[in-house]
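Novice: Below are the features listed in TrEMBL for this protein:
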type	residues	note
REPEAT	A:76-110	repeat 'PPR'
REPEAT	A:177-211	repeat 'PPR'
REPEAT	A:212-246	repeat 'PPR'
REPEAT	A:313-347	repeat 'PPR'
REPEAT	A:348-382	repeat 'PPR'
REPEAT	A:449-483	repeat 'PPR'
REPEAT	A:484-514	repeat 'PPR'
DOMAIN	A:664-756	domain 'DYW'
Amino acid sequence: MSRQVLPLFDNLHRGVFLCLTSAASSLSHVRQAHAHILKAGIIDHTALSSKLISLYVNHQCFPEAQLILHSIPEPSLFSFSTLIYALTRSNLLALSLSVFSQMLSYGVLPDSRIIPSVIKACGGLSALEAGKQVHGIVFTSGLDSDDCVGASLVNMYVKCDEIRDAHKVFDRLPQRDVVSCSALLSAYARKGRVDVTMKLFNEMKDFGVEPNIITWNGVISGFNHSRDYIEAVVMFQRMHSEGYYPDDTTFSSVLSAVGDLKELKIGIQVHCCLIKQGLGQERYVRSALVDMYGKCACTLELTRAFDEIDEKDIGACNAVITGLCRNGLIYNALKAFEQFRDKGMELNVVTWTSIVAGCTQNGRDIQALQLFREMQSAGLKPNSVTIPCLLPACGNIAALMHGKAAHCFALRTGIADDFFVGSALIDMYAKCGRIHMSRLCFDKMPTKNLVCWNAIMGGYAMHGKTKEAKEIFDLMQRAGHEPDLISFCCMLSACSQGGLVEEGWSFFNSMTKEHRIEAKMEHYASMVNLLGRAGKLEEAYALINQMPFEPDACVWGALLGSCRLHNNVSLGEIAAEKLFKLEPENPGNYVLLSNIYASKARWSEVNAVRDIMISRGLKKNPGCSWIEVKNKVHMLLAGDKSHAEMPQILEKLNELSMEMKKAGYCPETDFVLQDVEEQDKEQMLGEHSEKLAVALGLLNTPAGTPLQVIKNLRICRDCHAFMKFISRIEGREIFVRDTNRFHHFKDGACSCGDFW
DNA sequence: GTAGGGTTAG
């Protein structure tokens, strides 16, 4: 090429041109060439200045490129095109559009070659209005007969979520080619419109269009996007049987779908298939394999797939961190994360977000907050994914200040309206005891999806605001959202909180009959909880027996908890027996049963439960020691009422409570109180109450001040009784949140009544 | 001296 061009230039031009052609490798060459051009006064040479613009843009030097453009006396369509094209390709879409509008203001009219880049920028920005204006220009200047322009218009409307307009443009295209078909097909698949997608796919042959690899990939990844993983795998199989060869993109997509289906067998088949095709070393494929094995809970294969990668890129590192976290191997994930950091790898937002999310999901809330801070000091900006990963950590430990800071960040960066961010904010404020702030966030959201409605409903349920929860439930339906599984969980929890047995039943029944949602395990557990709490233990047990599938530990746990509440021995024994089989290593179940026996002063049975724990190797578990201490105190109280041993027992208590809290349990408190007359309790605890409270780690502020104790602990009935007691004798208000609800104690009473 | 469609975190 250069042989043809070079004779056109004189010596100076020739030097400049050579400089330009070799400039692709280095910015300093571009600068030299620029200097030559300025010196020679040939800036208005279209070919040279355009080349210079494109080279500056390739080196990400956009101000220089724009400067050159504006220094040309009469910039040509070609000069503008070069910059617009390069800006769009570099994903600087807003800048690309602004250069386009500058071009129009210079009176330069676009041709069909530059329009696709402009339209692509509109689509990428989801700038529908701008897109429509460009469409207008296209229409009036008669450029709409161009295939390329048409296909990009289809895609622009797709990106702006205007699939009807996309289809209209598609229908009016003089000729539908594989590109326009692919754009529309992937859009329908992304929307989860399986029927339309398949119809259009089958019609393509009538248009004389043969699908290519991008068509297949678009449909498969589209189904992935709409979480229709089965359709994605089906399309992959169809592609295979119709004789098309998948490429690395196809494999990455299908592996992701297989992972979400947790279909390990298919995953292994796909793995074999891609090895056969020699794509085993492709970058995206390797990460996708790590991801798939992680989703299928194959941690060994996951590590192996990762270890086999020669050049571990950022995608692979992110996949391995996510995979380890997903399978509860947070320790290994943190270790891997540290190694990547030590090696000086350039970690990106995804890496940091993944590790923060991993900590949150694995109960390391404080560490999540710390890592979030480190991420910011490493100079990385959180995004609309990072914030909703961090917020649950703030909620779990009631770190209101951190939550508020994240909220401010979201407002500053304009991501507060995002569905994920908004619903996470609603949940965080609810968990921090600021339900009015939850409502504020909810009301401020311009558009709300089902998750947002469920979040505020769950917040009200958590705070025992049954009336408000019901109002939201009705409003949501009037806004056109069908309640889902989670909506009903929230409503059942709200009813349980308010002791509304009848209404609970009515929600439970309408769920299956009117909304055609099959009751899942968590609904049965909620219902058992609701009935049990209200003292209808037999009814709860009858419901369990009617369940269409085997009840799990949550269901039996709800029954056992209720039996403890009402001290029902016979049903408690039945529930405990099931639980001892289902989760033999959960000390909480043994403790609950032992408490039921203790309430009836059946000490030999209390000891028998302790013996079962010992025989199952739970001797070192704090729960076992707990039963032991409890028994001892009871013996003490039954005989000698001078309580001379109280200080020593408190010390033992302190020790045990530390251990139990580490295990995630809220230590019980009122074993010293139950079966003792009211006035005795006061006398007995008078001097010890503060010490006991501190020992339990629940109260650590001076007496008399109102206090908010929000911990992710499992508050049991005994704790509840103790809190009521403390609120009366110390005359202070106490706010406590356990794993799912709020309790407000004042003057010896609790806002959620005697259901505890 | 230039176009448009498909791959990872919640």
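A Cβ is built for glycine as well, from the same backbone N, Cα and C atoms used for every other residue.
Remember, TrEMBL labels are computer predictions, not curated facts.
Surface or core, plus neighbours and distances: that's what I need for these features.
Specialist: Away from its own ends, the repeat 'PPR' (A:76-110) comes close to residues 46, 49-51, 53-54, 57-58, 60, 62, 65-66, 69, 117-118, 120-122, 124-125, 127, 130, 134, 137, 141, 143 of its chain (Cβ-Cβ under 8 Å, at least six residues beyond either end).
With a cut-off of 8 Å between Cβ atoms, the residues of this chain six or more beyond the repeat 'PPR' (A:177-211) that come close are 147-148, 150-151, 154-155, 158, 163, 166-167, 170, 218-223, 225-228, 231, 244.
Sorting each residue of the repeat 'PPR' (A:212-246) by its DSSP state yields 26 helix, 0 strand, 9 coil.
The repeat 'PPR' (A:313-347) scores a mean pLDDT of 92 in the predicted structure.
For the repeat 'PPR' (A:484-514), DSSP puts the residue distribution at 27 helix, 0 strand, 4 coil.
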Novice: Restricting to the same chain and to residues at least six past its boundaries, which positions have a Cβ under 8 Å from a Cβ of the repeat 'PPR' (A:212-246)?
Specialist: 178-179, 181-183, 185-192, 194, 197, 201, 204, 253-254, 256-258, 260-261, 263, 266, 270, 273-274, 277
Novice: I'd like the per-state residue tally for the repeat 'PPR' (A:449-483) from DSSP, helix first, then strand, then coil.
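Specialist: Computed counts for the repeat 'PPR' (A:449-483) are 26 helix, 0 strand, 9 coil.
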Novice: For the repeat 'PPR' (A:348-382), what are the same-chain contacts with Cβ under 8 Å, counting residues 6+ beyond its ends?
Specialist: 314, 317-318, 321-322, 324-326, 328, 330, 333-334, 337, 340, 389-390, 392-394, 396-397, 399, 402, 409, 413, 664
